[in-house]
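Novice: One structure, pasted below without further comment.
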């Protein structure tokens, strides 16, 4: 038995991954990556079988953000040519939900740019979510930024199932990425969402000049935060942002990152998120041996893979899509 299978068996028996072992996953020799992914798959299979959760993003508000996040094309310091608009209307949010439902996508993610939502914007989301729940029954994830007192409770009451607010990077690396809010601001928002009864979703962006130790710290921080869902983004550097031209990733390293997050967060939903197409490239399918969830369609300001291609990929792997009906049943358990 190889070292990765031994580690997987220990994790499945309730054991922890040490700091040294976590770093060794990221430093796995390229020739051994298939062995590593096979071991990660044993953990993934225990908790999720061969099911894949599908998620779709609605970019409900674009640009116009006062924050200075170095990776983001919507930030105040970005010169990227993007569409900027205020919160879309209810009809547009409902049309997006219908499209998700028709494509058998169980989770609909309403995402808005900005530091955090105004109470009026929360009103708009609340109004739309109530009708989406009644009409389509989708799982709703909201990603609206830092929350003010009372906003999380209103979203929960309206039917929002999950709230996303990514930590993005390690606490050590945070000030290299943004200075307009703190790492603790992000953690506190996830805790606020959790206290309201919404399922906490928080993830990372890998490839922002962080060290391997930073990546290990991210995975362990999300374990401590007890995030139910962990989106793992890989930097898609956009022209006009401070991280323009940064390209530190390769497909094999991205697979190692996904394996690390599965080993450290064995029971959690690990989602391959933004940047998978440009960073994993032809190795995208292998990522699902560690992860059990993907975004389908476009991201916020970058294009994703065609939905048909995603379904073909899952079929070719012998994996099964978690249907809308299965997702509804899971919400009732």
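Counting starts with 1 at the first residue shown.
Placed from the backbone N, Cα and C atoms, the Cβ positions cover glycine too.
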Novice: Which one of 141, 254 goes with 109, 201, 271 at the [2Fe-2S] cluster site, as Swiss-Prot has it?
Specialist: 141
Novice: Note the mean pLDDT of the domain 'Radical SAM core' (47-276), expressed as a whole number.
Specialist: 94
Novice: Give me the count of other Cβ atoms within 10 A of the Cβ belonging to residue 109 ([2Fe-2S] cluster binding site).
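Specialist: Result for residue 109 ([2Fe-2S] cluster binding site): 24 neighbouring Cβ atoms inside 10 Å.
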Novice: Do any residues at least six apart in sequence from residue 141 ([2Fe-2S] cluster binding site), in the same chain, have a Cβ closer than 8 Å to its Cβ, and if so which, in order?
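Specialist: Long-range Cβ contacts: 55, 107, 108, 109, 110, 160, 161, 162, 163, 164, 201, 229.
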Novice: Excluding 109, 141, 201, 271, please set out which residues of the same chain place their CB within 8 Å of the center of the CB atoms of the [2Fe-2S] cluster site, keeping sequence order.
Specialist: 55, 107, 143, 162, 164, 229, 231
Novice: What are the sequence-distant neighbours of residue 65 ([4Fe-4S] cluster binding site), meaning same chain, six or more residues apart, C-beta distance under 8 angstroms?
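Specialist: Residue 65 ([4Fe-4S] cluster binding site) has long-range Cβ partners 72, 74, 75, 76, 113, 114, 115.
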Novice: About how far apart, in whole Å, are the alpha carbons (Cα) of residue 271 ([2Fe-2S] cluster binding site) and residue 69 ([4Fe-4S] cluster binding site)?
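Specialist: Cα-Cα distance, residue 271 ([2Fe-2S] cluster binding site) to residue 69 ([4Fe-4S] cluster binding site): 22 Å.
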Novice: With the [4Fe-4S] cluster site defined by 65, 69, 72, which remaining residues of that chain have Cβ atoms positioned within 8 Å of the Cβ centroid?
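Specialist: Checked against the 8 Å cutoff, the neighbours are 67, 68, 71, 73, 74, 75, 76, 78, 113, 178.
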